[in-house]
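J.: These came from TrEMBL, pasted as-is:
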type	residues	note
DOMAIN	37-604	domain 'Choline/carnitine acyltransferase'
ACT_SITE	H342	active site, proton acceptor
BINDING	K418, K422, S423, Y424, K425, L426, S427, P428, D429, S455, R500, Q551	CoA binding site
BINDING	Y451, S453, T464	(R)-carnitine binding site
Amino acid sequence: NLAFNAGMTKPSCLVKPVSLTRIPGRYLTHQEGLPKLPVPPLNQTCDRYLAVLEPIIESEELNQTRTLVEEFQRPGGVGERLQQGLERRAHKAENWLSDWWLQMAYLDYRMPVVIHSSPGVVLPRLEFSDRQGQIRYAAKLIAGVLDFKTMIDNETLPVEYLGGRPLCMSQYYRVLSSCRIPGIKSDSVVNYASNKTPPRHITVVHNFQFYVLDVYNSDCTPLTVDQLYVQLEKICNSSLQTNKEPVGILTSNHRNSWGKAYANLIRDKTNKESVRAIQKSIFTVCLDAPMPRASDDMYRTRAAVQMLHGGGSRWNSGNRWFDKTLQFIVGEDGACGLIYEHAPAEGPPIVALIDHVVEYTKKSDIVRTPMAPLPMPQKLCFNISPELKKDIEEAKQNMNIMVQDLDMKVHVFSYFGKNIPKSYKLSPDAFIQVALQLAYYRMYQHCCATYESASLRMFRLGRTDTIRSASVDSATFVRAMDDQSIQKVALLEKAVKAHRAYTDMAIRGQAIDRHLLGLKLQAIEDLSALPDIFMDTSYAVANHYNLSTSQVPAKTDCVMCFGPVVPDGYGVCYNPMEEHINFAISAFNSCADTSATRLAHALEDALLDMKALLEQTPKAKL
């Protein structure tokens, strides 16, 4: 199962074509200057593969795998043939991986996007004294997104850099005016941004009812915050009763079920037009009803589940269109954030957009201008046949089962942040990852396959590769940590530096996971049988990520969250701030062996113990 913090919207050819002409501007010139994603040397990947198996595979199995790997990479063998095929593909394609990855990790993945694929983001809590407060904030938020959109449209988005190298900016051009479309066996993604007449509206959902809100005046200027406020108020006043049939909840179902229901839904002309209006919209704003009250320390956890799934059919799960790439959520009770469909983009571009919008909402309002009356936003109508009613009931039940099963814990680690590892010249991300290894080891007495997403945006159309946090060095450290007789500081330092080295290797396109996947997919295209190396138990264990993790740093004091990628695993996302770290940890209640709260406590202890270890050593020595 590869549908975790990663993904790829297809370059135009596989996205349903929606006019392919872009005005050649700075964006294209910049993109063409980026290097192509390399295909790493076969022997290098084979050696590194054996090294990452060492901490997670029993020695007998590992010996068997060694034999298979040697066989696979021998001169003139099957590995060499597949490698050559991959190199030919890399020569011809703009990015040898991107189409495959989008298809495999997202569009062919049939689990619901809710919890299993789409990440949510919790913003700092706001206090609204009344519904006016909710609407006023939503109006500012919309204006902030439109302000960011202007930079995308004018191609004036500042190019991002990593280690002095420019990054691919294509994901920014894919998150607005785009939507996932369900299919019976596989989905697709459409993007309307480069249409001859790009969309000028957003969709607003309130009480399970969808509205089209035009956000541009006839002279193409965006509506002001005041104008947006007036329009949102009209929407709220005309949707005071909740809609009996929350059509939006269909988007939370298993993809095959939703694909069938979708074909059914759009047979009706009115429904088809309503669905098309949602798909085409620039983004969606969900004006949520208040959720059950939570104590202050539970508040962020409750907000996280509201962003991830809406809380179930009784609460806000019907107030969504989960296929929409971007949905901003503004709760009447001040819970705010967003959820995004993962196929078009990773977390960092989404967070850059959030940082911009949050700054924008803090600006004081500009002088009020006299306003010409604006037309009433259009309500989208749906004709619900008995068959669709049945589909909606089924989706509600399935959603409620998923809601019950998600074990979520947002934990603010308040003792220190990036400041401590940095004061010892250690990478904060590597320090946190080693702490995760220690926490997991203490809970289960063994190391597990761990996924951390690494950005491949140094390359054209680059998405992610895997940083494998369970290393020989991290395993040596975590096994030694609770043994009083061993000097551990050097082991900790070595583990942190090994993680940092793997990260550097991954962002330069030299990690092993996407390469192995490429060889496997090349084999599926070329050969009748899969090479033994991919049928081996070790390969299955290596890809069963009990820890699926991602660092998503933001200027805003927010945290991203996502579900585990295996039934007995954890999803861990974190935002390291200067003096604290926001963690969102998820697990499934249906697994007796996992507990998000237990891992949160173990992680806190691990971080504090590692800091204590560093403090025993004078800084000059490190």
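Cβ atoms here come from the backbone N, Cα and C positions, even for glycine.
Fair warning: this is a prediction, and the values are worked out from it, not measured in the lab.
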J.: Which value in Å gives the longest Cα to Cα span across the CoA site residues K418, K422, S423, Y424, K425, L426, S427, P428, D429, S455, R500, Q551 as recorded?
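T.: Value for the max Cα separation, rounded to a whole number: 25 Å.
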J.: Give me the long-range Cβ neighbours of S427 (CoA binding site): same chain, 6+ apart, Cβ under 8 Å, in sequence order.
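T.: In sequence order, the residues whose Cβ lies under 8 Å from that of S427 (CoA binding site) (at least 6 apart) are P421, V496, H499, R500, T503.
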J.: Taking the binding-site residues one at a time (S453, T464), which has its Cβ surrounded by the most other Cβ atoms within 10 Å?
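T.: The most densely surrounded of these binding-site residues is T464.
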J.: When the number of other CB atoms within 10 A of each residue's CB is tallied over all shown chains, which of the recorded positions H342, K418, K425, R500 has the maximum?
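T.: Ranked by Cβ atoms within 10 Å, first place goes to H342.
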J.: Between C-alpha atoms, which of these binding-site residues comes nearest to H342 (active site, proton acceptor): S423, D429, Y451, T464?
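T.: The smallest Cα gap between H342 (active site, proton acceptor) and any of the binding-site residues is with T464.
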J.: Cα-Cα separation of K418 (CoA binding site) and S453 ((R)-carnitine binding site), in Å?
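T.: Approximately 19 Å lies between the Cα of K418 (CoA binding site) and that of S453 ((R)-carnitine binding site).
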J.: Taking the residues Y451, S453, T464 listed for (R)-carnitine, what is the greatest CA to CA distance in Å, to the nearest whole number?
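T.: Roughly 11 Å, rounded to the nearest whole number.
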J.: Among all the protein chains here, how many other CB atoms are within 10 A of the CB of S423 (CoA binding site)?
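T.: Around the Cβ of S423 (CoA binding site), 12 other Cβ atoms lie within 10 Å.
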J.: If you measure from the Cα of T464 ((R)-carnitine binding site), which of the binding-site residues S423, K425, D429 is the nearest?
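T.: If we rank S423, K425, D429 by Cα distance to T464 ((R)-carnitine binding site), first place goes to D429.
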J.: Averaged over the domain 'Choline/carnitine acyltransferase' (37-604), what pLDDT does the prediction give?
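T.: Taking every residue of the domain 'Choline/carnitine acyltransferase' (37-604) together, the mean pLDDT is 92.
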J.: Given the binding-site residues S423, K425, D429, find the one whose Cα is closest in space to the Cα of Y451 ((R)-carnitine binding site).
T.: D429
